Amino acid sequence: MQLTSFTDYGLRALIYMASLPQSRMTSISEVTDIYGVSRNHMVKIINQLSHLGLVDAVRGKNGGIRLGKPAKDIRIGDVVRALEPLSLVNCSQESCHITSACRLKVVLNQAIERFLEELDKHTLADMIEDNIPLYKLLLTE
């Protein structure tokens, strides 16, 4: 399983915001510069994260973006659930004639649940706490 770029960059944006001092706002442009992703793509990601309450977006001259809640309260599993389409196979009566007897979907759903359970053990704070190499990469120019 590979996360979509939407989820990947959503997590990266959250990690960047979490690495900043709490009072510091950042901008979408700053995040796109750090990660080399298109501004249009990042705008969509930040809009979704804002809608979920994970990012506060403040408009105006002194505006910007920042985490919408403390990093210790943002579980990685919750972010992935919110951003990622988690169906590994496309099972429907119309496209597959073994759907009614297939056990593969059950096994794959169990695998997804184990994956998410592991991600739920980790918060955004865990990703940045005492991570000096991360700070050096993100916060030095």
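Positions of Cβ are set from backbone N, Cα and C atoms, glycine also.
Annotated DNA-binding region per Swiss-Prot: 28-51, in sequence order, evidence recorded as sequence analysis. Counting only same-chain residues 6+ beyond the ends of the DNA-binding region (28-51), those with a CB under 8 A from a CB of the stretch are 5-6, 9-10, 12-14, 16-17, 57, 65, 68, 82-83, 138.
Residues annotated as [2Fe-2S] cluster binding site in Swiss-Prot: C91, C96, C102. DSSP assigns C91 ([2Fe-2S] cluster binding site) to coil in the three-state reduction, outside any helix or strand.
Among the features that Swiss-Prot reports, domain 'HTH rrf2-type' is placed at 2-129, with the record citing sequence analysis. Mean pLDDT of the predicted structure over the domain 'HTH rrf2-type' (2-129): 91.
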C102 ([2Fe-2S] cluster binding site), number of other Cβ atoms within 10 Å: 13
Secondary structure tally of the domain 'HTH rrf2-type' (2-129) (DSSP, helix then strand then coil): 72 helix, 11 strand, 45 coil
CB within-chain contacts under 8 A for C91 ([2Fe-2S] cluster binding site), separation at least 6: T99, C102, K105
Under 8 Å by Cβ from C96 ([2Fe-2S] cluster binding site), counting only residues of that chain that are 6 or more apart: C102
